Amino acid sequence: MYAKKFTGSDPQTVRTAAEIVALQRMKNRNDSDTDFSDDDEETSGGCPKMTPQEEQRMFEREQQIAFSGRCTIGDPESCHQLRTDINHRCGPRPSTSSNATWNILNRDVQRRNGPVMTSASRAHLLNTHLPNKKRRVDQLRTKNFCAQYIQNGRKMVVSSQGERENSFLSTKSGKIEISLPILSMQRTPCGPLQLVDLDTAVNQQGDLISYCTWKDAVYIGRMEQEDNQNITWFPIDWHGEHAVQNQCAVFCVRFSDDSEQIVCGTSEYSIHVFDVEQRRRIRTIVNAHEDDVNSVCFADYGSNLIYSAGDDGLVKVWDKRAWSDGDVIPVGVFAGHRDGVTYVDSRQDERYLLSNSKDQTIKVWDLRKFSCQGGVEATRACVQSQHWDYRWQPAPPGLCQPVQGDTSVMTLRGHSVLHTLVRAKFSPENTGRRFIYTGCARGEIVVYDIVTGTVSRRLKGHQAVVRECDWHPQENEIVSTSWDGVTTVWTWDERAEGVIAPYDHPNIHQFGDEDSCDELYQPIKKPQRKLRKPISARNAKCPTTSSEPDDFQI
């Protein structure tokens, strides 16, 4: 875990950071036989203590590590078709030059009284002005986990661990005009919990909230009032035909597009589908994966396909239409990661999806090209050969080596997946779904351009891992939540272009944390006026010219 950038870090953070520093020393001493298990005597007793100054320097050093980004094309044909679709949706590659920016803006102004801009022209304009400037909207003393825009971007929901081991949902509501920050804020306590919520989902209508916990429990809340102060929580009947005998963690929960069903993944390698109205389980897929199911989602607006991903390194596709015949085997499997998968997201076009993995890569998959059994076996062997824990150890070397039988369209590298289940997503429809954006263990948001295969934006502003970020469905605005307790909204500011340039950019320069925005300017203090001394004091110091000394002589 990267140490936080302040001297008041808790002792657990210091100890964890010290263990990370000791790992490389241990490897150098015994490179052929290194054991990082908890029962290792040298690991538990030989870690040096770090001072707050060393802790801060370590964090700054890790934060300055340059990631130029890299794209590997796995399927040239599918990649070409994907990029052609993007160019059709949003036009050619956006330019970042000032002349092109002003030309586009002038053209937009000239068309105000003319025909409405096409979706491709709008996407081209938005892609030229990607978010680059942060505004802090909330700060807590606990870790933030999830963030999601709802109701077409008029509201956002942020979930976090509570101050005293109680979880709560933070809902910020109010009209958004020209991507201005949300005006009001209410914090809504959750219902009955077991330890902490692991995932939070909100339907697109914004009237239903669901969260899951470390215990086999899923709750649904209905927001009945406009201010969201009173939420009625309903537990979902977890016991059914396949009752869970042991307590298990529910790592992920998602609503279907029609809000009639939710799907969950658990630590018992199973997938559960629930009916929202009846609040009961309607389908269980036992042993859906060979390890924890970290992520699930509905593939399309029809909600017939379900994607799932887990610590076995595989991404599986399930068709609900086949369940009526009792067939609960996946219709296809994607293999190619060298470690567990933390998140899966659909492009909502019934063709492409992505997966984020602990092997520090994002892979894009084509729904028409599943992996063969040889690729599945190769992935299984690679995952089983990993002996590191991403929660507190650095990523080992060798994760960049390709897996035989990998059928991914492309592989993106340039971000860090450590400490938690970091999430990656496709950008919304108003951008032509041109970009893939993800959180990062280095406190950043990394935005990849699918067409060029490069890092388009690297938004630095958090002091701890960014677990999830969400792109506004209508505006160029991204909300990010981090373990530093800060909720940040990113928008475009023409005066802050230097902040988001890649690390190796020749003209990179840095601004302050929150400068260059009008609403953040500090008022100029009027200089204090120098007080004049009284006449009597001045006369005492400097005698007047009218008085002559007694000994004056002509």
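Any Cβ shown, glycine's included, is placed from N, Cα and C.
A quick note: this is a predicted structure, and the numbers were derived from the prediction, not measured.
Listed in Swiss-Prot for this protein:
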REGION    24-52  region 'Disordered'
COMPBIAS  33-43  compositional bias 'Acidic residues'
REPEAT    245-284  repeat 'WD 1'
REPEAT    288-328  repeat 'WD 2'
REPEAT    336-375  repeat 'WD 3'
REPEAT    414-458  repeat 'WD 4'
REPEAT    461-500  repeat 'WD 5'
REGION    527-554  region 'Disordered'
What residues elsewhere in the chain lie close to the repeat 'WD 2' (288-328), defined as a C-beta under 8 angstroms and at least 6 residues from its ends?
249, 251-258, 261, 263-267, 269-271, 273, 334-335, 337-346, 348, 350, 353, 355, 357, 365, 367, 370, 376, 379-380, 382-383, 421, 423
Counted with DSSP (H/G/I as helix, E/B as strand, rest coil), the repeat 'WD 4' (414-458) has 3 helix, 18 strand, 24 coil
Long-range environment of the repeat 'WD 1' (245-284) - Cβ separation under 8 angstroms, sequence gap at least 6:
198-205, 208, 210-218, 220, 234-238, 290-298, 300-303, 306, 308, 310, 318, 320, 323, 328, 421
In this predicted model, the repeat 'WD 1' (245-284) has a mean pLDDT of 89
